[in-house]
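Peer 1: According to Swiss-Prot:
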COILED    151-179  coiled coil
COMPBIAS  224-239  compositional bias 'Pro residues'
COMPBIAS  275-287  compositional bias 'Basic and acidic residues'
COMPBIAS  297-310  compositional bias 'Basic and acidic residues'
COMPBIAS  354-373  compositional bias 'Polar residues'
MOD_RES   SER136  phosphoserine
MOD_RES   SER312  phosphoserine
MOD_RES   SER348  phosphoserine
REGION    189-331  region 'Disordered'
REGION    346-373  region 'Disordered'
Amino acid sequence: MQRDGTNEQCFLELASPMSFILNILRNMLAYFGVPVDQDLLIFQNKDYGSARSIVRVIGRMLPLEPCRRPRFELTPPANAKEVDDYELAVPSFADVLCVADDGEAGCLRFRHSLWKKAEGKAALFHPSKLPWDLSSPALSQNRTVADDLPVSEAAIKKIAALEDELTSLRAQIAAIVAMQDLGGGGETGFISLSDGPSMEQVPPSSATARLSVEPDHVPSVVLSPPPLPPPPPPLPPPQFSLQPPSSLPVPPGSANTRGIDNLAAEMKKRPSGVKKTDGSHHSESQRVSDVPNMLDVLKDMNKVKLRPVERSPGGRPIQKRRRQSSQWDPVSLISNALKQKFAFQDDSFDSENRSWQGSPFSSPETSRNGSRF
């Protein structure tokens, strides 16, 4: 009986502090808003979730604001490229040499983050190292100074050469148009080497284009307005001759000698300035005579006919059979000779795997199924 009394006394002594601790825990949970009827399985803690410890449970019940998380943004440089130019790759030992050689960089960079050499070296962007603001008046003043730089002499020469070529092309186009108009009107004329500044002998009433010679001997084009009535149908162009017309037949040798003598006499009579202009007009007239007439080129366009091609019912063109080559054809002779030369050789696929005579040094033949023990 004494033993039973001592056991009950020990149990009460142990139970009183446990109940006291439980009361404290219940009061704390009630203070933080945890219902008393909720069973807290303290001894069955989970390895995941917010019920792993009492601290997490209390933190979930309390209306606490989460602390602010820092966010980092990478500002690209002024001449930044698109994101596609950068490659995502795992750094390797090859990046060590890249970092060691890059002495200008202020931070660590891998070789995959660098730009191409053709685009230029990659420049890091440091906002604290900007010498001035982008909207400052000093930057705008530098831009205006850079825009006001004088043009180089090479560019001026190129522009002048292009202008000269343009004027020459305009002169050629005007000459072609004038020749076509003369051929359409049915008026004949000829180009003479002994004329003055005019290049063609055309009455002023029927001329539709006028060529004027400038001091630098480049003809400029001044086109007159087109006539109101419709033009007549085109006629064959006149034949321009460098010789004066004559009714009597003249042998070619005598005509050439007479023309040369007349030109030499006229050149002696005229002053030196006129001789230069005549030479320029002679080159211009020769250039105009060398230009083909577009009417002659395009007059037979309506007569062009396509060759009929035989087609199958499906629409595919039928290929003609090749003619059998004769025995004396060089291609057939060479092919027959080659066939006769290599006819004794066996070109079968199994000839490489066969040996004519068994060699003592050759490897023994093995069966396909392998050796069986």
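Each Cβ is built from the backbone N, Cα and C atoms, and glycine gets one as well.
As the structure is a computational prediction, the values presented were derived from the model and not from experiment.
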Peer 1: Within 10 Å of the Cβ of SER312 (phosphoserine), how many other Cβ atoms are there?
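Peer 2: Around the Cβ of SER312 (phosphoserine), 8 other Cβ atoms lie within 10 Å.
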Peer 1: Could you say whether, by DSSP, SER312 (phosphoserine) belongs to a helix, a strand or a coil region?
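Peer 2: In three-state terms, SER312 (phosphoserine) counts as coil.
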